[in-house]
Ligand SMILES: Nc1ncnc2c1ncn2[C@@H]1O[C@H](COP(=O)(O)O)[C@@H](O)[C@H]1O
Ligand SMILES: Nc1ncnc2c1ncn2[C@@H]1O[C@H](COP(=O)(O)O)[C@@H](O)[C@H]1O
Ligand SMILES: Nc1ncnc2c1ncn2[C@@H]1O[C@H](COP(=O)(O)O)[C@@H](O)[C@H]1O
Ligand code: NA
Ligand code: NA
Ligand code: NA
């Protein structure tokens, strides 16, 4: 069956295996360490390269092809956090602050999940549309704004000053900045202008992603411990949530005309939970929310789930919705 | 018009845009940070790679072709600091120490400006002579020695001990060491011997330069603030000085037989102001000179000016002097 | 003569010259510094890439071809430390702890020496067997275990707790972890799966090794000072020891059917002294042994000796034993 | 040479708070500060960054009255919600006048 | 705001000992610690790592009795064979109760 | 275990001065030192390096007389032209004899 093939190809890719190696390094208490500086450099590199590639492709994409997916993405950025907040409050009995904090994470997007999805779909023969990185930039902020707004409405706790600071920081935040910076440079330079730097920014991308995932594996393993005190509902939501949000993403992507690969990647974006932009914003605006919950869920459970099983699942759904063919 | 084309090509290159992105990151107070370790590694990488490439090309360059440009370079290294010192004292009314300190910077050379000039000229179709990196190594130290000598003559302030220490440090300084080390290895190994490492040292060069310029943009933006207290004359000199020194460089280059590209690059070298070797030497030998002035001028104004408008200007002048053709 | 050619090719390779440049940087008191983080990242990169390449090749190597060299390697891991310990005690009059500590280092393996040997032999036209990195993984630990066991037998000083801790750390130690992790990923992914990341992990390998050797040169120069107080015997052993162990390795490699290149590399492995895994283990289990001796010898003398003269020597011996032909 | 007795305040906190804390201590009268990247563990151990234990240590030398103002403000504003610890010591500073 | 007088212990040692030292001070009663990467030179200068001078500094704030226990243990267990130095100071800690 | 009262000197300065400062304190009698990379801002804020705020912190434990000699030397030699701050504290050092 085709989706099993995807799962298998996925699980035996260097990227996923490097992530597992990182997990093991921490669990087996190896003294293997990669410096935090490498993490910083690689995450900038991945974001900037993604942006550059996206920008370069955006140049020769007709606007007509982009506006519907862009609207769909903004729609996801508003719907998913509301959905997540509602479920976490009603079914999960979480406090307003914790529910809003978690909703902000699930509404936003993980760039590494996006990269992994794009790489895997391309390797599986379903090349997604080239302008998707632009959508990532659109999906990052809105959910966080919606969730912080919600918390502010429901309590006085997310005090104005904190929220305002968090929003300002958000729009100049490093991940948006790197991605949008790359995008703009890609758009301005165009394919010809970008060519001299492709050896540096495009060719080693998959290898750099592999190395980054190894380091992320070590970080993830440490983060899982923070979930000890979390209720069982949160553990479950960290897996069923993504499936739900991801399905909405795939559906929406398909309905606005994205290809099999494109819809699957949009699904993966919707399913993914932010662990760079959202935590920084939430920590400032909602200091009473428990970081152990929101980071533990998004980095400790949802990220590995998406990386291994989630992406193939959204790909299978996308394939099915497109009538079983690329 | 051809020189406008150069300006435009220049301003829309990934390198210059990355530099602007770095400036913006600081001005918009983004939390984007690249670790200082990356800066150290990239600057070594650029210097060493340049040296290696230059050395490899030097092997099959007849000595007859090199000795005149080499003498011209040494001439620049003596003339430019004297010229700058004179103007800064007479017209600018600067103190002896500040004038000497600034003259040391403008007489020496910025390797990144050199790399950018070489890359841009090559991309514009005017490939400069391959042995130019050897000239960079020749241009770095003399001006600093001349300027410190001047200061010592005019005051007792640049005390002997400090000057001697500064000179010893200068000749084993990291930038000369990396460049000359690369040069020698390139000469010894020759093109065949270097081949196995070209994938690492040559192919990613332009991309690495782009990343370095991004980081340098952030640093530059912070340095500009130091100029607040500087007199208007210094602001002006930071732009007119390079044009003057650069023109001398292009003229001299043309007169010793360098090609359009080669003369333009020699002009860019003369126009550029050091911000690695010179500050370190000056800080030790002339502790009373204001670092806010010399670093603010060379890094905050002259570097961006050369990167954007200066290099095309020297290229246009070189083209004109060569009769309008490559 | 062919072996002189090897020596010359070796001494004029970018790798060896970069190492010399690193030595000079320290001896001439240059302020050239490469951050410790780069060292960490490069050593991980080299180990992981080696493993990956080895794993990928292991997939299509029949088991029959591997088992004999594997046994020979384990044999070396037991014989060499016993031999070294015996000589250091009897002829060298070293204390039990120092003898055991040094024996642990010479019995284990230096991955950089291995990489250099593999690269040089390949460049010299004697491509070694692809599965050799797997043997490196086998050679790292046993000698350390044997030597610590010896020390424990002869004194009560290597107290049980320390030895147990050291052994646990050893098997999850960063160098084994990186190498074996790469190996397993290479085996699981196979050549097809690894292909997308070869641009990152394989192509820049030689360049990365060059950069690493430059940094290692700086470290080595500082380490040499630690040998001031060592007896003359230790200086001599640091050169004659490797020749002895290396010859045993070449002989054993030839006798189990390895090619000229393979035997020469196995000899280089035997001749090399560990300076990552062994020092960490020995410092914990034998705190009274003098790190100045074991690190000074392995990093300060044996490593440069092998890099420059040793490898060509083992290659010449291997060539001779194989009847003078590849 | 004159030595002046001043207070050195040390604040250890999650890295996220750096800018805020620096703005606060400057506003409350500190004339300078020094920041070190550190890592650590405490009783709470929560950290809103992927990199657990990624902390900063801020040290500032101030006059005793200002030290108390700063410590009081930190205690009130940050101690409940964030991973922060702060303490003061007496130090003898060369040319200490300039920090007051 | 209440300030409590406590002891701050500082341990500087070769990086290799980090995990061990942290395990020890935790076992002896420390409730938290902060680690800084430093480099240095001393009288012995031996170091079992390629990178000479690659040390760590561990700081922990504890009650005075615990401080003495920790220092005594360090002195007995590590000082002979390893490159370690340790000292204590008195600090005034904001909300110091939580570290005792 | 014996604790000896000694002085700990802390010097914060622009990174450029590291080698010089270390040579000086060694010459004046220090038997060891520890260096940390830090960043900071002060009243002057000038720095002759592209990387603003790139400072070092040198700590050395010495006998009280030596502490005064070192501080006096720093004050006279460096304070006018360079970005340097220095202070001393009393610390109780385990096996403190070896630092004197
Ligand atoms: N007793 C202590 N001694 C030294 N540092 C501490 C101590 N307790 C906490 N810290 C530091 O303060 C940070 C925050 O502590 P906490 O809020 O208790 O998690 C920790 O990560 C440590 O770096
Ligand atoms: N007098 C001192 N002052 C400050 N730090 C010291 C002193 N002596 C030793 N150290 C530190 O402790 C480490 C180990 O010292 P040692 O065991 O004497 O080699 C050194 O690398 C320094 O970081
Ligand atoms: N009041 C202060 N407290 C702590 N560190 C300071 C203080 N003033 C200056 N510094 C440090 O000393 C360096 C040089 O200070 P300055 O010479 O005033 O620019 C600064 O970059 C800071 O790292
Ligand atoms: Na999402
Ligand atoms: Na110049
Ligand atoms: Na060996």
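Just so you know, glycine gets a Cβ as well, placed from its N, Cα and C.
Record features, source TrEMBL:
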| type | residues | note |
| --- | --- | --- |
| TRANSMEM | C:6-27 | transmembrane segment |
| TRANSMEM | C:64-88 | transmembrane segment |
| TRANSMEM | C:100-118 | transmembrane segment |
| TRANSMEM | C:130-151 | transmembrane segment |
| TRANSMEM | C:171-188 | transmembrane segment |
| TRANSMEM | C:200-221 | transmembrane segment |
| TRANSMEM | C:233-252 | transmembrane segment |
| TRANSMEM | C:264-286 | transmembrane segment |
| TRANSMEM | C:293-317 | transmembrane segment |
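Using a cut-off of 8 Å between Cβ atoms, the transmembrane segment (C:6-27) and the transmembrane segment (C:293-317) share at least three residue pairs, counting only pairs 6 or more apart in sequence. Here the transmembrane segment (C:293-317) sits apart from the transmembrane segment (C:171-188); fewer than 3 CB pairs are under 8 Å, leaving out pairs fewer than 6 apart in sequence. Of the two recorded stretches, the transmembrane segment (C:64-88) lies close to the transmembrane segment (C:264-286), with three or more CB pairs under 8 Å once pairs fewer than 6 apart in sequence are set aside. If you count C-beta pairs under 8 angstroms between the transmembrane segment (C:100-118) and each of C:130-151, C:171-188, C:200-221, C:233-252, C:264-286, the highest count goes to C:264-286. Here the listed stretches are C:130-151, C:171-188, C:200-221, C:264-286, and the one with the most C-beta pairs under 8 angstroms to the transmembrane segment (C:233-252) is C:264-286.
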